[in-house]
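Here the structure is laid out as structure tokens; the discussion comes afterwards.
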Amino acid sequence: MKRIGVLTSGGDSPGMNAAVRAVVRKAIHDGIEVYGIYGGYTGLIHGNIEKLELGSVGDIIHRGGTILYSARCEEFKTEEGRQKGIENLKAHQIEGLVVIGGDGSYRGALALTEAGFPCVGVPGTIDNDIAGTQYTIGFDTALNTVIDAIDKIRDTASSHERTFIIEVMGRDAGDIALWAGLAGGAETILIPEVNYDIDEIATKLKSGLDRGKRHSIIIVAEGVCSGIEFAKQVESATSLETRVSVLGHIQRGGSPTAFDRVLASRLGAHAVELLAKEKGGQAVGLNNNQVVANSLRDVLSQHNRLDLDLYELSRELSI
Ligand code: ADP
């Protein structure tokens, strides 16, 4: 392969830039030209394609967001839309594509591969919800953003004897809530994968107060219910005064952590290696600190399972 493309798609995540940089630098190092597709699959359909040089990705390793921009594109879910994309790629003599994004973006990459255009997926999402990799690019950064917020909220919570409910991202996956709750010492963690019992939570909050705790912190993944909704449930079950913080999009931004930069560098470079060997239809990942590749089809057919041992540990440590 002499010329490849790279795009970022779906929800952005910190570290996407470091992945783009790795793709560009590794490809050029190996004698392959790289073209950037601006604006995800929308940009692909509209032909927003430009050559990237070594300098195009200078000074971006530490920046959140994505210099290639991202988008959600309904048209790409149609065969016609994808055909337009393939025509634009061929018009630029691009022979393979690196897609950095979440599972929706992977579906697009698989559809392109099945239409005869080889793609490799790189897991870029804060949700950590992609099978075939223990970590996705951006998860660690988002986690640290949430922990920073929890620590700050804890300061004010302890001054005022309050129960704080912090709503974090995670529609279907509880990884951010679970890891942040464990690392932030939360009393209770609500995740989409496990049902909760409001009476059990109320009893725990009261027994904490009885033994002299001045505050409690509850982490709620947005997929369970809104923080405000859960606060109402807590207030009616306990008559405790609650405060709610919805962290929202700050979880998507910020300079990527060292972990995410290294992960992005390793996975981006491996994606290029696979394309160079004409191994399309794969998704790269990290397993036991080894860079691995699995077929996009397998990755999409598996459900990424939350670490229930970690959930149990969080319960044991927050008695
Ligand atoms: P993420 O990649 O973060 O999961 P989305 O689920 O929004 O984000 O997916 C990003 C884009 O991937 C969509 O806007 C669409 O263009 C494309 N996509 C998603 N599902 C499919 C599909 N089944 N076939 C083709 N393209 C898809």
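Glycine is no exception: its Cβ is also placed from the backbone N, Cα and C atoms.
Unlike curated records, TrEMBL annotations are generated automatically.
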Among Gly11, Gly15, Gly31, Gly170, the candidate listed by TrEMBL alongside Arg72, Cys73, Gly102, Asp103, Gly104, Ser105 for ATP is Gly11
According to TrEMBL, Arg21, Ala22, Val23, Val24, Arg25, Gly185, Ala186, Glu187, Arg211, Lys213, Arg214, His215 bind ADP; which one of Arg82, Arg154, Arg252 is listed for that same site?
Arg154
Based on TrEMBL, name the residue from Arg243, Arg261 that is recorded for the same substrate site as Thr125, Ile126, Asp127, Arg162, Met169, Gly170, Arg171, Glu222, His249, Ile250, Gln251, Arg252.
Arg243
What is the average pLDDT across the domain 'Phosphofructokinase' (3-275)?
96
For a quick check of understanding: among the binding-site residues Val23, Cys73, Met169, Ile250, which residue's Cβ has the most other Cβ atoms within 10 Å?
Val23
Using CB under 6 Å from any atom of ligand 1, narrow the binding-site residues Cys73, Gly102, Ser105, Lys213, Arg243, Ile250 to the ones that qualify.
Cys73, Gly102, Ser105
Checking the binding-site residues Gly11, Gly102, Gly104, Gly185 for other Cβ atoms within 10 Å of each Cβ, the smallest tally belongs to Gly185
Of the binding-site residues Arg21, Thr125, Met169, which sits closest to Cys73 (ATP binding site) by Cα distance?
Thr125
